[in-house]
Amino acid sequence: MKQFHYTIQTLIRDRRSCVIKVISLSLGLLVSIILFSRVAFELSYDNCFQDVDNLYIVKTEWIKDGVIKGNAGSYTLIPIASTVAEEFPKEVESAVCSSISFEAIFKIGNRKMNKSFILSDSLYFRTMGIEVISGNPNDLTNPDVLFLSQSVAREAFGEENPIGKTLHMMVWGTPVEALVKGVFADLPYNVSLERHEAVLSFASHSKYGWGRPGWTSGGNYNAFIRLKDGERSADVINTDIDKVIAKHIPSDMNMHLHMFVVPLRTIHLEHSDVKRTILILSLLGFAILFAATMNYVLIFVSSLSQRAKGIGIHKCNGASDKAIFSMFIYETALIIGVSLVLMIIFLFQFQEKIEELAEVSLSSLFTWHNLWAPLSVVTFLFVIGGILPGKVFSLIPVTQVFHPYIKKNRGWKRILLFIEFAGVAFIFGLMCVAYLQCHYIINRDMGYQPKGVASCKHDFAEPDNARNNLKSLPYVEGVASIRGSMTWFGNREVTDEGGKVLFTPRCAAFDKDFVPLLGLHIKTGRNFTGERQFLVNQPYVEKMGWKGSGVGEIVPNRGTVVGVLAPFCCGVLPADNEPLEIEYGTNLRNVHVRLKEPFTENLHRLNNEMKKIYPQEDIEFRSLEQDLERYYRPTIIFRDATFLAFITILFITLMGLIGYINDEVRRRSKEIAIRKINGAEARSILFLLSKDIFWVAILSVAIGTYGAYYMSLLWISQFEDTICVYAGWYVVTAICLLVFIFVFIIGRSWHIANENPVNSIKSE
């Protein structure tokens, strides 16, 4: 207890230094814990499923003319799951087919909820390992049966028992009266496949004729397999699955597939963008954590000359090296504890912004599965930040009480500064590229004018009447419609007259008013006016091998090209990235309107008007600009995250640099005074104090900048439309950072360089 008492007294006496330590550590802990917890979140995908090591998914490769088309995907045909279960009874415990996730409007009385659902059957929960809170999964063998997640059931029915209640759904234009027969546990956000909030019975698929059945169903489904013996069972299945499936495919379909099963938990981590994200977040987190830890050690080491005599007195009074060491361990534990409290306050004070940057709620980020990440951060800080300085201080000799302790420890301090400068340069370079890429994507020429445009996906019962209603509104300048959207186009094969597939372009349908409404430009030809007319882009013309402009050419078996569009962007893709085919259509589902200014006010008026005209329908127009921004959101978040990381590590480094300069000034004040008495000018004193740091800074900034250059190339490779990354940019950022460091050192040293040397001599 004596050591603890002495530790408290030391902290109170040296409270200014303690405040700096606590603030820098709390910021370092905040950012590094968030980053490492985000990494843990990515690594813990699919842990929510019971016995997840035995849960597998079928991956499918489509073979055409003996050649595999594209990469293996998680989507497959409806009969695959049941066929695998039937053919491999010794290896398969259960198997289920489910659809991909869809959005639907759920109605309870006058209330509406937009929720996601999948189609599946009675084996879904057993196969996936999802807890069923109430209800019998066997009820999913009947049509119009619905299981809700616990949160949706509570939102829809409050504390009432939802079993037996009816929900009205609108599914692909079909009204469905679904009977709620069960409730299942909420799925977390870190699941490999699309997160769903309801399960509708697969029997409804047949009842309402949604899509094709059996082997003609198309690849919009997932096949999940729960195996009896994990990897061993998977090896048996993968050996024979192609031959087994081939036996069941009707011979007249001429369809060939290559299939294999993989653990579900590997699906998320196999994506290159996920691996890239984990690597970058880990490096950012480690840079900040290491800088914060080294800064803490640097401040400790810089105070060595001040605290050495006190330690010598403790040793004169019988304190052992172990007792001195324990005092510094207590001190580190207390400072880290206070820093953690301050960090938690920051965490809740800025919860909304932190959740925005992390792209996940705090409750999902800090689950029991992910607690190893923050605990590892704190342990690293405690071990490195407590043991290193504690060991240094415990070795101070007892003779320190009788004369000054002149050990410089400059090597230690330079190494620590080197690490911090390198971290600052690394994050600064990465931040600059993130800012430039974000600025480019947001401000690039899209090839059309999204400003002032709003859109709504809705099937109007009387589309011509709806169009006239919209046109009659005084704040509406124009109305048009599209199949697809300006953020996503579908695909459609182009064949020759003999039916041979030539290529697969992006495709959509516009009505005749859409091109002028959005301000799209036609490079050659004209806008379409009727059926069997097409607009294409230049890559399409080149793919078809047409020698002229393309206008007047025939799209085999379908129509005539009347115009070639100038380049424009679809979502985040660059202009003219792929061949594009636009066909003429009328009364298409995605309605667009151009509104007069003020846009926000008129958009609000428009949605209110829709509620009056169509009170029984859910119609909401949204800003096209905001829809586009959703595709830029990950880039904006990364830019903001790197900015936060840079500010944090810069603050931490400056605190350490201030401590280093103060220690050097204190240690060399008499030397400086004597030099000035002998005629040294202020600039020579400034050079004396800054030259050692500056040489350390040059090498460390060069290494950190090179790391930023390499990591920026890795990060920017995920985009198809990017800025050009020049090495010269990084030279400029390195020079700017070195100038900043030099100016900061001069600013902190200016007072001592111009101080009257008599003051320093007097204090001797």
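Every residue gets a Cβ built from N, Cα and C, even glycine.
As recorded in TrEMBL, the features of this protein are as follows:
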type	residues	note
TRANSMEM	20-41	transmembrane segment
DOMAIN	23-236	domain 'MacB-like periplasmic core'
TRANSMEM	278-302	transmembrane segment
DOMAIN	283-391	domain 'ABC3 transporter permease C-terminal'
TRANSMEM	323-351	transmembrane segment
TRANSMEM	371-394	transmembrane segment
TRANSMEM	415-436	transmembrane segment
TRANSMEM	641-661	transmembrane segment
DOMAIN	644-747	domain 'ABC3 transporter permease C-terminal'
TRANSMEM	693-716	transmembrane segment
TRANSMEM	728-747	transmembrane segment
Have the transmembrane segment (728-747) and the transmembrane segment (415-436) got at least three CB pairs under 8 Å, pairs 6 or more apart in sequence?
yes
Express the predicted model's confidence over the domain 'ABC3 transporter permease C-terminal' (644-747) as a mean pLDDT, rounded to an integer.
82
Which residues of the chain, 6 or more past the ends of the transmembrane segment (693-716), have a CB below 8 A from one of its CBs?
276, 279-280, 283, 414, 417-430, 433-434, 437, 638, 657, 660-661, 722-723, 725, 727, 730-731, 733-734, 737-738, 741-742, 745
Any residues 6+ beyond the ends of the transmembrane segment (20-41) with a Cβ under 8 Å from its own?
190, 278, 281-282, 284-286, 288-289, 291-293, 295-296, 299, 335-336, 338-340, 342-343, 346-347, 354, 357-358, 360, 364-366, 369-370, 372-374, 376-378, 381, 641, 644-645, 648-649, 651-652, 655-656, 658-659
Within the domain 'ABC3 transporter permease C-terminal' (644-747), how many residues are helix, strand or coil going by DSSP?
90 helix, 0 strand, 14 coil
